[in-house]
Amino acid sequence: MTVADPDPRTEDDPVEVVVATIARSAVEIRQGLVGRRSDADQENPSGETQVEADVWADELLADRLTSIDGVAQYASEERSEIIDCEDEAYCVAVDPLDGSSNLKSNNTMGTVFGIYDEPLPAPGSALVAAGFVLYGPITTMAYARDGTVTKYELTGGERSVVEEDVTLPDDPLVYGFGGRVPHWSDDFREYVREIESNPDHKLRYGGAMIGDVNQVLTYGGIFAYPALEDSPRGKLRLQFEGNPIAYVIESAGGRSSDGTQSILEIDPEIVHERVPLHVGNTDLIERLESALA
Ligand code: F6P
């Protein structure tokens with residue numbers, strides 16, 4: 001099925017208008033990466049150097065999403081302040097270009113979004129929909145709502161469904177773990193050894209969470225950016241990365257964890273807070289939680 005965005009069947013629903021707007025904008029974001037690969041000489045609120053494309057994609061999404069009826073707030077990993085809108089209802093949190101350090105080497109990146117029905121910062125339990133766009137050889141979107149995940153291919157103003165009711169394959173195949181190995185805890189290192197020693201598992205790590213998570217969604221397995229000795233909350237941001245990804249993976253029948261509980265159960269304190277993120281097949285996440293207990 002091909003959907004022209006905005007989908008006329010759903011254009012009264014602000015959630016679907018947000019998703020359609022992100023789908024259309026993503027095609028432009030991809031085209032606009034050319035010529036925007038240099039550092040922007042400024043840092044995001046987490047202290048990471050931004051590239052020009054980070055700043056540009058954030059401004060493009062901010063303009064478009066804040067003008068949608070029913071959007072109450074826009075927050076982004078690339079700006080310190082939340083934009084408040086006149087409307088009430090939905091609060092949108094985005095990572096406009098996840099993995100933008102891959103731009104220099106021309107590797108995979110993504111755009112992540114979460115749509116909450118509570119003011120930000122909000123817990124993952126307040127998500128009504130979430131998803132991500134992957135800028136791979138093909139631009140694709142994985143979108144979760146009402147407990148199901150749909151995968152699309154994006155071209156121009158159209159979304160073509162490639163798979164409905166996406167679920168994680170039962171037999172996990174891939175694993176990818178971020179952070180410097182010397183900074184992992186002994187318990188996490190031990191767990192990784194166990195995963196690696198299974199001859200059915202193979203390593204996939206590309207340095208952009210969306211690329212690595214989409215491998216897990218496609219082949220089954222586990223992705224983690226764990227707590228590190230020098231960064232006990234890991235690297236990834238709860239509102240913009242952790243919650244949306246946890247929502248997609250849990251909707252696809254997998255599990256998420258910060259080491260002890262579902263990512264979606266965490267009560268956030270600040271918008272840019274970080275979270276140790278582990279997502280994947282349920283049995284692998286359960287084993288992880290036992291290993292870290
Ligand atoms: O947003 C942060 C990010 O770019 C993720 O997409 C990715 O998983 C991670 O950082 C990569 O970090 P590192 O460079 O430490 O492997």
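Positions of Cβ are set from backbone N, Cα and C atoms, glycine also.
Annotations in TrEMBL come from automatic prediction, not curation.
If you look up TrEMBL, you'll see Glu77, Asp95, Leu97 marked as Mg(2+) 1 binding site. A sphere of 10 angstroms centred on the C-beta of Glu77 (Mg(2+) 1 binding site) encloses 26 other C-beta atoms.
Per TrEMBL, the feature Mg(2+) 2 binding site maps to Asp95, Asp98, Glu241. Applying an 8 A CB threshold to same-chain residues 6+ apart, the list for Asp98 (Mg(2+) 2 binding site) reads Met109, Gly110, Thr111, Val112, Phe132, Ala208, Met209, Ile210, Glu241.
Reduced to three states, the DSSP call for Asp98 (Mg(2+) 2 binding site) is strand. According to TrEMBL, the substrate binding site annotation covers Asp98, Gly99, Ser100, Ser101, Tyr205, Lys235.
Annotation source TrEMBL lists domain 'Fructose-1-6-bisphosphatase class I N-terminal' at 32-154. Per DSSP, the secondary structure of the domain 'Fructose-1-6-bisphosphatase class I N-terminal' (32-154) breaks down as 21 helix, 56 strand, 46 coil.
Marked as domain 'Fructose-1-6-bisphosphatase class 1 C-terminal' by TrEMBL: 169-292.
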Seminar exercise, completed: Distance filter, Cβ under 6 Å of ligand 1; input binding-site residues Glu77, Leu97, Ser100, Tyr205; output none
Exercise. What's the CA-CA gap between Asp95 (Mg(2+) 1 binding site) and Ser101 (substrate binding site) in angstrom, rounded?
Worked result: 13
For this session: Using all protein chains in view, find how many other C-beta atoms are within 10 Å of the C-beta of Asp95 (Mg(2+) 1 binding site).
Result: 29
Exercise. Looking at Cβ-Cβ distances, which residues of the chain lie under 8 angstroms from Leu97 (Mg(2+) 1 binding site) while being 6 or more apart from it?
Worked result: Ile29, Val51, Ala53, Asp54, Ala57, Glu78, Leu103, Met109, Gly110, Thr111
Exercise. Between the binding-site residues Ser100, Ser101, whose Cβ has more other Cβ atoms within 10 Å than any of the rest?
Worked result: Ser100
For this session: May I have the list of same-chain residues other than Glu77, Asp95, Leu97 whose Cβ is within 8 Å of the Cβ centroid of the recorded Mg(2+) 1 site, in sequence order?
Result: Asp54, Ala57, Asp58, Ser76, Glu78, Val94, Pro96, Asp98, Ser100, Thr111, Val112, Phe240, Glu241
